[in-house]
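To start, the structure itself, in structure tokens.
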Amino acid sequence: MEIIKITPRGYCYGVVDAMVIARNASLDKTLPRPIYILGMIVHNKHVTDAFESDGIITLDGPNRLEILEQIETGTVIFTAHGVSPEVKRRAKEKGLVCIDATCPDVENTHTLIRRKKADGYHVIYIGKKGHPEPEGAVGVAPDIVHLVENKQDIEQLPESLNDQKLIVTNQTTMSQWDVKHLMEDLEEKFPHIEVHKEICLATQVRQEAVANQAPSADVLIVVGDPKSNNSNRLAQVSKEIAHTEAYRISDISELKLEWLEGKSTIAVTAGASTPTPIVKEVIDYIKGYDPLNITPIPETSGVPVDKILPKIKNAAPVKILD
């Protein structure tokens, strides 16, 4: 069986930066305890479990402000997905020490929204409802940001927006093809709209790699957490653009033998928040797959927790929000 290891795949710089920030926080004895992460630092349960073993508590839920109310004292880390100004204000009001691990690409979108609001614009934001990144972006200026996820949402936007200065931007981890189609629909409805595509480069090149390399495979395995939007989009790109069957799995335990049976070429990629050892475990199993002598798929991943987080040789001081 041939294996195509899609390149690039796995960790992006924003994820690595966020994990290093949280790891440094766990090693900084001057920070008040407990240390909480407001949501999943990145969307991967293996990573959040590893931080739990490091003494950092992950609090997750659909709304950052509601989660924040569970915290009375200590330190709070904002995740790579970004948070609204209201969350930051409330955390300071509660007397919490705040550390910001927002991805720079997400922060760029927040800056764009702030700037356009100051210039009198309304913003149409393409994103996945219920995902923390749109929650934070909409929260930058909730009075002028309109969240849309699909064509039906666009149809429901008021015609009165034609009388407003208008831009469209997007969640950084969306499918670039979905965003393109939705932006075209918006340009048709609002001909004067300014287009600001904000798909991050890491997401873009990983999607393009799948589009270009997956057609050579019989099936694509995407290793990524179910909450990881960029992982789910990789599977979508494989099916819709590369026309290759695709399955997303969290780790080796979710791999199915029937996906491998009768196949000659298997491609493997990974979401931007998937630990490299978790991906390697999947690749190693597929490499060793023998239809005449099948090794049972493990019920759980065998990757030790201490192999998940980045190694910190010299802990750096943690930058605390003013």
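Please read every residue number as a count from 1 along the shown chain.
Cβ coordinates are placed from backbone N, Cα and C, and glycine is handled just like the others.
His81 is the residue from His81, His181 that Swiss-Prot records in the isopentenyl diphosphate site together with His43, His131, Ser228, Asn230, Ser273. Note: the CA-CA distance between His43 ((2E)-4-hydroxy-3-methylbut-2-enyl diphosphate binding site) and Cys103 ([4Fe-4S] cluster binding site) rounds to 13 Å.
With a 10 A radius on its CB, Cys200 ([4Fe-4S] cluster binding site) counts 23 other CB atoms from all the protein chains. In the three-state DSSP reading, Asn230 ((2E)-4-hydroxy-3-methylbut-2-enyl diphosphate binding site) counts as helix. Within 10 Å of the C-beta of Thr172 ((2E)-4-hydroxy-3-methylbut-2-enyl diphosphate binding site) there are 26 other C-beta atoms, taking all protein chains into account. Measuring Cα to Cα from His81 ((2E)-4-hydroxy-3-methylbut-2-enyl diphosphate binding site), the recorded positions that fall within 10 Å are Cys103, Glu133, out of Cys12, Cys103, Glu133, Cys200. Of the chain residues outside the (2E)-4-hydroxy-3-methylbut-2-enyl diphosphate site list His43, His81, His131, Thr172, Ser228, Asn230, Ser273, Val42, Ala80, Glu133, Thr173, Lys227, Asn229, Ser231, Gly271, Ala272 have their Cβ within 8 Å of the site's Cβ mean position.
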